[in-house]
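Swiss-Prot lists Glu89 with the feature active site, proton acceptor. Per Swiss-Prot, ATP binding site is recorded for Gly15, Ser16, Met17, Phe18, Ser19, Gly20, Lys21, Ser22, Asp88, Glu89, Val90, Gln91. Per Swiss-Prot, Zn(2+) binding site is recorded for Cys145, Cys148, Cys183, His186.
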Amino acid sequence: MYIMKQSGWLELICGSMFSGKSEELIRRVKRATYAKQEVRVFKPVIDNRYSEAAVVSHNGTSMTSYAISSAADIWDHISESTDVVAVDEVQFFDQEIVEVLSSLADKGYRVIAAGLDMDFRGEPFGVVPNIMAIAESVTKLQAVCSVCGSPASRTQRLIDGKPASYDDPVILVGAAESYEARCRHHHEVPGKSKK
């Protein structure tokens, strides 16, 4: 991380499932609290895998958060004394999150966002590419391929132990029971056209 000379910027943490995005978001938020900064943490209400009132990493690290149904709800929970705004699972929000995150940074807040950069199909996921484009800092994390142990940048969705079809719904909230990290060579999407 580099030193910012002005207040207000946007950091994005992205990567596949099991790459440590939530864990890294929690680490950055904890550092801010150690520095006596006032922090507000948010996540979408759809993310209820481990807790409805906390951001929880797959390894069990957690931090209390506000579960919100729309990006505009963030404004209801921050004040002028807030220094840092963190949002996990940003891929589940609509386009409004891009404007809210940008506006927060413009107003002087340090904004930390985390989310999947690709969906299970291996395609850009929702608003994350737009957030990536406007962020001052982008950290792309990789997991470990569950097949070969190579660095994994893809999320493999499994239905009854088999790769999900390209035509399956993009959003299916789940964890290890439904997903694995895979490298480019072991990521399978039946029905996806080969270019």
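Yeah, the Cβs are placed from backbone N, Cα and C, and that goes for glycine too.
Annotated features taken from Swiss-Prot, shown on the structure.
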| residue | record | contacts (Cβ under 8 Å, 6+ apart) |
| --- | --- | --- |
| Gly15 | ATP binding site | Lys21, Leu116, Asp117, Lys140, Leu141, Gln142, Ala143, Ser153 |
| Ser19 | ATP binding site | Leu141, Gln142, Ala143, Ala152, Ala181 |
| Val90 | ATP binding site | Leu12, Ile97, Leu101, Ala113, Ala114, Gly115, Val127, Val128, Ile131 |
| Cys145 | Zn(2+) binding site | Pro151, Ala152, Ala181, Arg182, Cys183, His186 |
| Cys148 | Zn(2+) binding site | Cys183, His185, His186 |
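Taking each Cβ in turn and tallying the other Cβ atoms within 10 Å, the top scorer among the recorded positions Asp88, Glu89 is Asp88. Cβ neighbour counts within 10 Å, taken over all protein chains shown, single out Lys21 as the most crowded of the binding-site residues Lys21, His186. Apart from Cys145, Cys148, Cys183, His186, the Zn(2+) site neighbourhood in this chain, defined by C-beta within 8 angstroms of the site C-beta centre, holds Ser146, Val147, Gly149, Ser150, Ala152, Arg182, Arg184, His185, His187. If you compare every pair of Cα atoms in Gly15, Ser16, Met17, Phe18, Ser19, Gly20, Lys21, Ser22, Asp88, Glu89, Val90, Gln91, the residues listed for ATP, the longest distance is 16 angstrom. Each residue contributes its Cα atom, and for the residue listed as 'active site, proton acceptor' and Met17 (ATP binding site) these two points are 11 Å apart. Other Cβ atoms within 10 Å of the Cβ of Cys183 (Zn(2+) binding site), summed over all protein chains shown, number 21.
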